[in-house]
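Over in TrEMBL, the protein carries these features:
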DOMAIN    2-142  domain 'Sodium/calcium exchanger membrane region'
DOMAIN    160-292  domain 'Sodium/calcium exchanger membrane region'
TRANSMEM  68-88  transmembrane segment
TRANSMEM  126-143  transmembrane segment
TRANSMEM  155-176  transmembrane segment
TRANSMEM  225-248  transmembrane segment
TRANSMEM  254-272  transmembrane segment
TRANSMEM  279-297  transmembrane segment
Amino acid sequence: MWLLFLLIGLMALSAELLARGVEKLNMGLGQGMASGVVLGTLTSLPETIVVITALLEDKGDVALGSAIGGNIVLLTLGIGLVGLVYNFKWKDELRMGGDYSHELGVISLSTLFLAVVYVYGRLTPLTSLPLFALYGYYLLHRVRGRNESGKRVSPVSVLEILGGGILMLILSPLFVGQLEKLSLSLGTSDTYLAMILTPVVAELEEGVSALRLAMRSREGGSSALLSYFGSKIQNITFLLGLVGLISIPVRGPYLLLTLISNVLGTLVILDGKLGKLESFLLSLSYFLLISFTVHYLP
């Protein structure tokens, strides 16, 4: 138990470093580049590594699950928790700042294309090309729009982001292991662990850093959500593009749940506001989606 508390303390420290670094980087690069691309890419690194490793080992199902699982968690429960924490901390609804329409546009286009792929039933090298193109378009737009404030990027901010991110990547698997041991010792079922607990803690490094951003400043809530969208855009474009190179069927429930999660997360943020009720319902939707999967799908 003491190890679990030690890990929580160290993860809080790494989240603080990440949040401080992103705040400073926002001033030099703008919110879209700092939160959407830099932090989003860093926090999606675990999925990227798992997907590439699984593809090299010819484990297509593992690669597919790793690429899309995070969207189901973070675009429902993740956004909802950030909204609830923000409302509790600042006694106000979360308001998106800066230019976030690009992220919403890209994730909407990606979702529409993946809906066509779902009907078709397979990810193939041919479907990978538009996915790679969408990710390239997303990056190109953000790179061209960087340094919106004209301020120089602080080297300290880069070190804080790298230090906090690397520490979080190291600590997260250890924390997952300890949490699973604790749950099993309390008699938690394997199904609960596999379908509800494990996906949540697998996205832990993104969730913790986003929550800390939302608590540090009023502008941090917007940066937190943008980091979610940035990392999940990478997952459903670049990573699914890689999965498509080996050609794999996608008629199962998980891509469908991903599409639903994408739509829910996008619609809630569309007006630039996130209140308590929306946050609660979005958090609840995660457990409803998972319950539906467990009880009604094969």
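Heads up, residue numbers simply count up from 1 along the chain you see.
Just so you know, glycine gets a Cβ as well, placed from its N, Cα and C.
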Structural state census, the domain 'Sodium/calcium exchanger membrane region' (160-292) (DSSP three-state): 111 helix, 4 strand, 18 coil
Folded-back contacts onto the transmembrane segment (225-248), same chain, C-beta under 8 angstroms, at least six residues removed: 22, 31-32, 35-37, 39-41, 43-44, 47-48, 51-52, 55, 58, 60-61, 63-64, 66-68, 70-71, 74-75, 78-79, 82, 94, 96, 98, 100, 103-104, 106-107, 110-111, 114, 122-129, 131-132, 134-135, 138, 206, 209-210, 213, 258, 262, 265, 269, 274
DSSP-derived helix, strand and coil totals, residue by residue, for the domain 'Sodium/calcium exchanger membrane region' (2-142): 122 helix, 4 strand, 15 coil
